């Protein structure tokens with residue numbers, strides 16, 4: 001399913017790049033095309049040094065008929081839709097590939113076969129049209145697109161998605177990880193439970209995850225294990241316990257109680273770790289990003305926690321919370337302005353490219 005977002009649907013970014021970023025070039029008119037293919041979404045975005053900064057975001061997401069994401073099937077999907085998604089992005093903003101100043105691509109972290117599709121296409125475009133190739137870390141891109149749209153200069157970051165659960169903050173030229181999942185990510189927990197319990201797909205119903213929908217009917221939460229180890233979280237035991245209770249549930253109310261218990265434990269644990277990071281760093285803002293950041297329930301919990309500590313909380317538009325090409329284009333633009341490019345021959349994908357090893361030259 002293809003989705004196309006433009007400034008009219010994304011809204012106006014609240015951040016001013018001249019204040020958020022320590023790089024020049026904002027007086028020039030520069031366009032960067034970004035390609036995202038780290039998991040189930042093939043996305044293309046175009047970013048500019050001029051307002052509204054994000055010109056377009058086009059996504060085509062692979063939805064397996066059953067089970068989770070198979071890397072090779074996702075890669076086949078990406079290869080099949082790539083050319084049309086790229087053309088849609090260019091046509092929407094009235095540009096040709098020759099108008100683009102650089103091509104950015106997410107080189108990791110992610111699923112190897114899926115990553116390689118995006119990397120191969122980006123290399124081909126850069127080499128054939130003589131454009132600089134810009135490497136982008138997928139996790140950094142989630143943070144930077146959120147900073148642009150929220151305008152938060154120095155937040156504690158809660159990055160939650162299907163493949164990542166990380167609490168981080170910026171210090172000394174890098175995003176430092178305060179806590180993370182020890183096993184599966186928050187989004188993976190929710191999706192796997194819903195799938196194995198037989199209540200998904202679809203995973204999202206009227207803007208809410210199906211687990212959140214299921215939980216609405218509960219009178220009280222089921223008792224489930226809460227695991228926070230220092231600053232890290234663990235969800236595999238929670239998943240096993242929740243599925244065990246689900247199979248024993250004799251009524252719809254008991255099933256709803258399992259959903260509510262799962263949600264409260266999962267969301268509560270990531271909010272607790274974020275709260276500890278906020279108290280430690282004494283920062284004045286919390287920023288939620290990643291696919292699970294689209295959850296209004298998690299948003300409310302984060303906002304309440306931040307408010308208790310006299311901090312503000314914010315997040316990007318839902319269309320930019322999950323995987324998208326716009327965040328790759330924007331972070332690619334920042335890298336390009338900072339002079340970071342890569343030779344085609346050196347542009348290897350990095351499936352386990354950690355957030356905290358990436359130097360951030362624009363802050």
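Glycine too: its Cβ is placed from the backbone N, Cα and C atoms.
Given the structure is predicted, the values throughout are model-derived calculations rather than measurements.
The secondary structure of residue 138 (Fe cation binding site), as reduced to three states from DSSP, is helical. The 10 Å shell around the Cβ of residue 138 (Fe cation binding site) contains 26 further Cβ atoms across the protein chains shown. Sequence annotations record features per position, and here Swiss-Prot assigns Fe cation binding site to 138, 142, 159, 323.
Taken from Swiss-Prot, the feature substrate binding site covers 159, 160, 161, 162, 163, 191, 212, 295. When other Cβ atoms within 10 Å of the Cβ of residue 295 (substrate binding site) are tallied across all protein chains shown, the result is 27.
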Residues satisfying Cβ distance under 8 Å from residue 212 (substrate binding site), sequence separation of at least 6: 259, 263, 295, 297
Cα distance (Å, whole number) from residue 142 (Fe cation binding site) to residue 191 (substrate binding site): 20
Fewest other Cβ within 10 angstroms of its own Cβ, chosen from the binding-site residues 191, 323: 191
CB within-chain contacts under 8 A for residue 163 (substrate binding site), separation at least 6: 38, 39, 109, 110, 185, 187, 188
DSSP-derived class (H/G/I helix, E/B strand, else coil) of residue 163 (substrate binding site): coil
Alpha-carbon distance [residue 161 (substrate binding site); residue 323 (Fe cation binding site)] in Å: 9
